[in-house]
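Take a look at the structure below.
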């Protein structure tokens, strides 16, 4: 009996504390009219409990059992010990006091603030914003307590593999394009689609996967997008038709498009403020490693045409397909490693999953402490602020709708949710930042990718001019009863007569015969590249096992000629194709040149600031464009390419860091995805404009690139400095 009275005393005292908490919370968070009503209700509740307490005290004293004053702390349970009294969640929820039902005049249950259904959306969003600001400060302290160690480095390499796969995807199409065009007989009118289709897929993918990462989580979104990329990249190495190959590369680009926005959002949320700029810059190095990996593999694999096999005439598997498979390995590796990594705890807190986030933060803390040799150090955080969740009610027609109808509604709802999140990137207070970032991302992408495609094309143009300057001319040749069994390259034969000659086991490379006569000749086992017979006459000539198709005889006359076993289709270039090695080598040097810029940006990101590095790098890159006027040889152009890439990489690194720091957690991946999609659109536009000016003029590309880079750098200096800010 005594114990029953003691419990009742504790309960009454706790109820008194609850009533006080209800009154304080009501005054803090609702309008004056509601405050007035809530105060009245709270006062009535308080008086009732006060009366009960007085009666109980009198009864206890009369009984003579309890003459000791009740301790004020007795009403608090162990579950609430150490909790901040400013916490929004009322104490009775931890004590297990049940809901006593709704009060009069729409008031909430005993011990709770006014129910969310009686508040408009503006009030709920105001409360959520206040909670998010409190969470940002608390989360920074928690991450600092967890420390920087083994967990962050493990995640660094896992996400680095995903970023490396993105760098590989950008280079792989340019490397396989010449071989794929030849292998699949791609006409010149359709060859440009292969390069553009990948950027189109990456553009759509960046926006979609970035938005999805803010809905389902960073890890989940990254796993799905990397799996899509790996599957279609692997499949594209086996398909034979050009249309199906474009389809596979489109979805491969769609998958890898989500890598950059999700990776940077994911990694930034497990880094403390003083580590964020430096380690995000180190993470950018994996994109460079991806470019080096692609260049090295292309150099080692594609020119080795012996690495191929065929299954009849319908299926051909050449060395460039092996290269595509090898380039899918970083993606596969990242997918496997991601399965062992947890979700971003900051994202889980944002969506109200407190317990899951706490467990992951404890895992980070324990992993780092064990690596430091301090396994006994305890994770002291007991409670983490979670923002108020604003529910969106969606009807899925679960009772009457079919399964595909429900799927359609769910997909439409998710896409609409992504669109709403995107539109919030243009709301106050991030609207101005989004507009400025849009200008910086577009100008940097337009100038960088435009000149990146212009440099190799100019080098190839210089090579072709040099190659054409070394062409050998032969006029009025008269050759009879001769056996040609050697390679002819870069030659023009005009007005020649070839009587009873045999052309056996020969290779024709860039050879043109003009106004020539071939009589009683034999062409056997001939392989040709860029070889044409213009206005020639063939009389009683036999062609056996050659690739001399009809289109190679331009305005020529064939009289009583016979063709046996003509190899139709397209043929891979010769084994000694020097230009292939040269292109891979140029890209390798251009990618390697960003290494010093990566190191400098990582070391100075937190010292001189993001804005100084962004604006300074873009302005210096724009100034360096003027040195291109002096590029009159291949070696000078390669040097300019390395200088340009080394300067722009610091701008890219600082822009990535600024972007993740300027957006709040619920819009971080969406905003980054939108800007990355804009980057790909600017890249396609830059490729078209700069590519059309190759061989025509130097002044327009130089002035255009310099202008947009300098203007973008000046806009970047107007962005807010995020070096000392916590992650919003």
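Using the three backbone atoms N, Cα and C, a Cβ is placed for every residue, glycine included.
Marked as domain 'Major facilitator superfamily (MFS) profile' by TrEMBL: 155-723.
The annotation region 'Disordered' is assigned in TrEMBL to 36-86.
The transmembrane segment annotation in TrEMBL covers 153-178 (among others).
Per TrEMBL, transmembrane segment is recorded for 190-209 (among others).
The feature transmembrane segment is assigned by TrEMBL to 221-238 (among others). With a threshold of 8 Å between CB atoms, the same-chain residues lying at least 6 positions outside the transmembrane segment (221-238) that come near it are 159, 162, 165, 169, 205, 209, 212-213, 245, 248-249, 251-259, 262-263, 266, 317, 321-322, 324-325, 327-328, 331-332, 334-335, 338-339, 669.
Look at TrEMBL and you will find 244-268 (among others) tagged as transmembrane segment.
Same-chain neighbours of the transmembrane segment (280-302): 156, 159-161, 163-168, 170-172, 175-176, 179, 263-264, 267-268, 271, 319-320, 322-323, 326-327, 330, 580-581, 584-585, 587-588, 591-592, 594-595, 598, 601-602, 605, 649, 652-654, 656-657, 660, counting only residues six or more beyond its ends whose CB sits under 8 Å from a CB of the stretch. Here TrEMBL flags 280-302 (among others) as transmembrane segment.
According to TrEMBL, the feature transmembrane segment maps to 322-341 (among others).
Under the heading transmembrane segment, TrEMBL lists 437-455 (among others).
Taken from TrEMBL, the feature transmembrane segment covers 581-604 (among others). A Cβ distance under 8 Å defines the sequence-distant neighbours of the transmembrane segment (581-604), meaning residues of its chain 6+ beyond its ends; these are 171, 174-175, 278-279, 281-282, 284-285, 288, 291-292, 294-296, 298-299, 302-303, 452, 455-456, 459-460, 463, 613, 617, 638, 641-643, 645-650, 653-654.
Same-chain neighbours of the transmembrane segment (611-630): 440, 443-444, 447-448, 451, 597, 601, 604-605, 636-637, 640, 643-644, 647-651, 653-655, 658, 698-699, 701-702, 705-710, 712-714, 716-717, 719, 721, counting only residues six or more beyond its ends whose CB sits under 8 Å from a CB of the stretch. Residues or ranges marked as transmembrane segment by TrEMBL: 611-630 (among others).
Long-range Cβ contacts of the transmembrane segment (636-660) within its own chain (Cβ-Cβ under 8 Å, at least 6 residues beyond either end) map to 260, 264-265, 268, 276-277, 280-281, 284, 288, 437, 440-441, 444, 447-448, 451-452, 455, 458-459, 462, 586, 589-594, 596-598, 600-602, 605, 610-611, 613-614, 616-618, 620-621, 624-625, 627-628, 630, 668, 671-672, 675, 713, 716, 719, 722, 727. Annotation comment: TrEMBL describes 636-660 (among others) as transmembrane segment.
For the transmembrane segment (672-694), same-chain residues at least 6 beyond its ends with a Cβ under 8 Å from one of its own Cβ atoms are 195-196, 199-200, 202-204, 206-211, 213, 257-258, 260-262, 264-265, 422, 425, 437-438, 441-451, 453-454, 457-458, 461, 659-660, 663, 700-701, 704-705. What TrEMBL records for 672-694 (among others) is transmembrane segment.
Counting only same-chain residues 6+ beyond the ends of the transmembrane segment (700-719), those with a CB under 8 A from a CB of the stretch are 433, 436-437, 439-440, 442-444, 446-447, 450-451, 454, 611, 614-619, 621-623, 625-626, 628-629, 651, 655, 658, 662, 689-690, 693. TrEMBL lists 700-719 (among others) with the feature transmembrane segment.
Of the recorded ranges 153-178, 322-341, 437-455, the transmembrane segment (244-268) has the largest number of C-beta contacts under 8 angstroms with 153-178. Note on the domain 'Major facilitator superfamily (MFS) profile' (155-723): its mean pLDDT in the predicted model is 83.
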